[in-house]
Amino acid sequence: MELEMETTKMLKANAVRCIDIEFEDLTYQVTVPKQKEKKTVLKGISGTFRSGELTAIMGPSGAGKSSLMNILTGFTKNGVTGNIKFGSAAKARKLCCYIMQDDHFYSWFTVEETMMLAASLKISNNSMPIRDRKLLIDQILDTLKLTKTKHTRCSRLSGGQKKRLSIALELIDNPAVLFLDEPTTGLDSSTSFDTIKLLQTLASQGRTIVCTIHQPSSNIYSLFNQIYVMSKGYCSYQGTPDRTVDYFKSVGLECPPYHNPADFLLECVNGDFGDYTSALTEAAKKPEWRHDYDRSRSAITASEKISEALSATNGKHCPSQQTPTSSHIYPPPEWMRLWLLIGRCHVQIFRDWSLTHIKLLMHILCAILIGLLFGDSGSNADKQLSNFGSFLVHSLYLWYTTIMPGVLRFPQEIAIIKKESFNNWYKLRTYYLATLITSTPVHIILSSVYMTIAYVMTDQPLELDRFVKMILTSMILTVCADGLGIFLGTILNPVNGTFVGAVATCFMLIFSGFLIFLNHMSDFMRMISYVSPIRYGLENMVLAMYSNNRQDTICPDDVLYCHFKNAATVLKSFGMENGNYGMNLTILVVQILFYKSCAYFTLRRQVKRQ
Ligand SMILES: Nc1ncnc2c1ncn2[C@@H]1O[C@H](COP(=O)(O)OP(=O)(O)OP(=O)(O)O)[C@@H](O)[C@H]1O
């Protein structure tokens with residue numbers, strides 16, 4: 001009761017727009033590899049999900065429940081025929097939100113912070129000032145019994161609290177239609193009941209709420225307004241829970257006394273009492289079993305009727321589909337969302353100390369270790385070959401420590417990105433840009449710290465232009481590694497991504513011009529080496545140190561002959577005398593743009609995938 005009152009209070013500020021979903025003769029075909037004929041997943045099903053009602057889609061595994069949800073939410077478009085109508089709304093997709101089975105949040109944020117950010121991403125300052133947004137959040141959290149967890153980090157919430165937070169986040173902009181994929185999975189019976197009761201309350205205020213559910217208990221089953229049963233791609237029943245037993249009796253299936261009708265229903269469509277699929281499919285088409293039988297005979301629209309009923313019984317208001325909403329909530333402009341997402345990424349970087357602090361510490365320690373290992377190789381004419389080796393170590397170290405986290409970045413976040421971009425929190429390109437804007441400075445800082453320490457410790461010439469060129473090369477090479485890493489992360493799973501990343505790095509190393517000098521490669525092999533970013537990085541480090549009239553290095557007194565004393569000799573011996581620093585840098589930048597653009601398109605493909 002208290003729950004209902006609070007929800008009503010919240011919704012006074014934001015009236016719900018009533019949207020009925022009607023679909024007719026919906027067919028969905030998929031191509032199955034190695035099979036000539038297409039597989040028909042949905043076989044001409046029809047139905048209506050009314051606003052103000054809570055509908056459960058039930059059926060055995062493989063019946064087509066998720067396929068139906070994905071089609072209605074707009075996730076699946078290919079292979080679908082039939083008509084789908086979302087009331088009178090032109091842009092139906094924008095009115096729905098989809099709460100997926102698993103609840104994914106950024107673990108470093110508290111419930112309140114997550115809600116506040118979602119509110120800022122969904123509601124512009126002009127349509128609701130920040131003070132009102134805070135009030136709205138408090139009301140939603142109160143309604144969903146999450147007030148006590150306001151300052152708890154999302155990762156520490158229980159399963160039921162996570163589910164309620166998922167719902168709370170989507171309630172911020174008061175969607176007209178909510179789809180939920182198995183909202184009770186993983187919850188105990190009491191929490192499951194509370195969750196469905198909450199959905200029932202939210203539906204009774206005018207929303208259209210549709211969820212898939214497996215084997216609900218009898219008390220949960222009775223909370224639904226409509227049950228839509230699917231079996232083998234057909235609709236086997238669409239009616240109220242209380243008429244289920246009579247319905248199955250009409251086709252000769254008698255429910256034993258004291259048996260949960262939901263269990264009986266599943267046993268029937270599972271074929272436990274024989275194959276009744278065609279009998280049930282035919283019976284389900286009869287209007288008298290449909291839950292909206294009376295309404296379909298009435299002249300007034302369903303929404304108006306619900307609106308009337310709600311006004312009469314609960315005093316709640318549900319505007320007609322033709323009437324605009326009483327309150328206008330506008331999303332903020334995309335640049336504002338970009339700003340907010342940059343803020344979120346920054347907070348995440350600083351709170352996830354493993355991401356930045358450990359990396360920084362490792363870079364410092366490794367630079368010192370490598371510095372100690374190579375000693376005065378930068379100035380000692382007898383150690384110039386080792387100095388060349390140190391450049392390869394720098395290139396490889398920066399490349400490897402960047403590409404691997406890159407491979408893992410998006411797979412970890414894909415579920416959150418999918419959820420947030422699908423539910424219109426932001427456009428994918430805004431999110432992608434925000435991650436690039438925040439991650440690039442981190443790579444620049446980390447590579448500069450590493451290279452500065454290594455440069456000084458290996459006794460390289462203390463000339464500003466050479467130092468700047470060295471730092472610039474290491475920065476660009478690091479950002480390039482990040483580009484390839486995220487590209488691999490968007491096309492491969494983490495296991496394959498790390499494997500392919502490691503193999504690609506090995507080949508880039510082979511073609512870098514150190515293990516086999518560029519002038520020792522055949523023309524064809526040298527052409528392949530032009531693909532390797534490590535080649536350009538290494539060549540640029542060598543050019544930064546040895547080109548532009550570099551003074552001879554010092555040959556120690558105890559060494560008779562130092563072949564690499566002269567910088568020109570070094571360049572000639574390694575086949576880099578014709579190298580062009582600016583050109584190499586440009587090629588690296590082009591590679592960065594290529595990898596990062598490809599990564600965006602592959603990420604978009606992944607996000608759009610079911
Ligand atoms: N893109 C696809 N390619 C091949 N088969 C598919 C595709 N999409 C769905 N199917 C097949 O269609 C059938 C229905 O799948 P769907 O996921 O909709 O079932 P479901 O009722 O949601 O099952 P569950 O309850 O186990 O999640 C399954 O046999 C599935 O393998």
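Cβ atoms are placed via backbone N, Cα and C, with glycine included.
Remember, predicted model here, so these are calculated numbers, not experimental data.
Residues or ranges marked as domain 'ABC transporter' by TrEMBL: 21-257. Sequence annotations record features per position, and here TrEMBL assigns transmembrane segment to 360-379, 391-410, 431-458, 470-492, 499-518, 581-603.
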Are there residues at least 6 beyond the ends of the transmembrane segment (391-410) whose Cβ is under 8 Å from a Cβ of it, and what are they?
359, 362-363, 366, 370, 374, 417, 435, 439, 443, 447, 450-451, 454, 474, 477-478, 481-486, 488-490, 492, 494, 497-498, 501, 505, 508-509, 512, 514, 533-534, 537-538, 541-542, 545, 599, 603, 606
Under a Cβ pair cut-off of under 8 Å, which of the recorded stretches 360-379, 499-518, 581-603 contacts the transmembrane segment (470-492) most often?
581-603
What same-chain residues lie close to the transmembrane segment (499-518): Cβ under 8 Å, and 6 or more beyond its ends?
388-389, 392, 395-396, 399-400, 403-404, 407, 484-485, 488, 492, 525-526, 528-529, 531-535, 537-539, 573-576
Outside the transmembrane segment (581-603), six or more residues from its ends: residues with CB under 8 Å to it:
410, 417, 428-429, 432, 436, 469, 472-473, 476-477, 479-480, 483-484, 486-487, 489-491, 530, 533, 536-537, 539-540, 543-544, 547
Just to confirm my parser: what is the rounded mean pLDDT across the domain 'ABC transporter' (21-257)?
87
Are there residues at least 6 beyond the ends of the transmembrane segment (360-379) whose Cβ is under 8 Å from a Cβ of it, and what are they?
386-387, 389-390, 393-394, 397, 401, 446-447, 449-461, 545, 553-554
